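Residues annotated as active site, nucleophile in TrEMBL: SER247. Per TrEMBL, the feature active site maps to HIS312. Per TrEMBL, the feature domain 'Peptidase S54 rhomboid' maps to 179-328. The annotation transmembrane segment is assigned in TrEMBL to 133-152, 183-204, 216-236, 248-267, 274-296, 308-327, 339-360.
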Amino acid sequence: MDRSSLLQLIQEQQLDPENTGFIGADTFAGLVHRHELPLDPAKLDMLVALAQSNERGQVCYQELVDLISSKRSSSFKRAIANGQRALPQDGLLDEPGLGVYKRFVRYVAYEILPREVDRHWYFYRHRSCPPPVFMASVTLAQIIVFLCYGARLNKWVLQTYHPEYMKSPLVYHPGHRARAWRFLTYMFMHVGLEQLGFNALLQLMIGVPLEMVHGLLRISLLYLAGVLAGSLTVSITDMRAPVVGGSGGVYALCSAHLANVVMNWAGMRCPYKLLRMVLALVCMSSEVGRAVWLRFSPPLPASGPQPSFMAHLAGAVVGVSMGLTILRSYEERLRDQCGWWVVLLAYGTFLLFAIFWNIFAYDLLGAHIPPPP
């Protein structure tokens, strides 16, 4: 139902005869049932929440229009946080007769969202089109690039030890800082099968559900912000090292999701969450340890310095700051939140500092970087 149709219906039924700007929730709900309007159960639950956050049990007309139009509004979160209503007693786990895909959507809702009303809202609003194409496309591209270089170099583990590996136009190398695309395209290259497998698994297990819930735009922004922050951090803190792998983006997604789970621990309904949290932290720590070992292990004479591990840490910082802000803002406009602008300002300041650092600091400090391949 669009805004004009809703306005016409309210005027015809005289739901607000005194033009107060508020409409009784019971009156509107009765209208929905009488006229069999296509309003899903999640929106009816939200309507009750908005009404019970009002002392007179009424809904602001603008909030009602936003609700029908499925617009992101902070009114939803305020109504839920008000605590003046009980959530529906029947959860999504009790929904009978679901197909395979709908059961997967229900699984995603319980994995990602901490509140039952948000899970209902997502479950009934979710559409299979468009699918979560970003994380799937990135993962597929990384696999294809790895297979191409593996066949070309005839090496599938520790490819960075091969002297031809660093000649790729995708790898970030401090000697090629002027080629700005390398600050992003390094995410398609990987040290070996072990790093690719770890990143691809997390991108599909965590990235795809996050994209299904929060949308392509938000998750792609978070992932690419982690990737860019990773290469720029390496260019500042480990000036002689190259960077490969999508770990900056992966750690941005994982740290944001884990932080969101911890902050909403009581509301998360995913099974074995403590065990899974411990396993995730162990795996992520092990990957960082492997990267640290690789960075400081004696390199072969022809290979030069090995890739830095600082991209992992930079991605984690982006996830805890920017990512957590995004994941806590389900069905809300980011631009309406002060915290979002603070995070953007901090990230923009970091970008400007890193750009000036890459332009001037290497010459001023006399950094001895390895010759570009």
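Backbone N, Cα and C define each Cβ position, glycine as well.
Note: TrEMBL annotation is automatic and uncurated.
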SER247 (active site, nucleophile) and the residue listed as 'active site', compared by Cα position, are separated in whole Å by 6
Under 8 Å Cβ-Cβ from the transmembrane segment (274-296), and at least six residues away from its ends along the same chain, one finds 158, 160, 191, 194-195, 198, 238, 241, 247, 251, 254, 258, 261-262, 305-309, 312-313
Stretch winning on C-beta pairs under 8 A with the transmembrane segment (339-360) (pool: 133-152, 183-204, 216-236, 248-267, 308-327) is 216-236
Near the transmembrane segment (248-267) in space but 6 or more residues beyond its ends, with Cβ under 8 Å, are 112, 114-116, 138, 187, 198-199, 202-203, 206-207, 210, 219, 222-231, 273, 277, 280-281, 284, 311-320, 322-324, 326-328
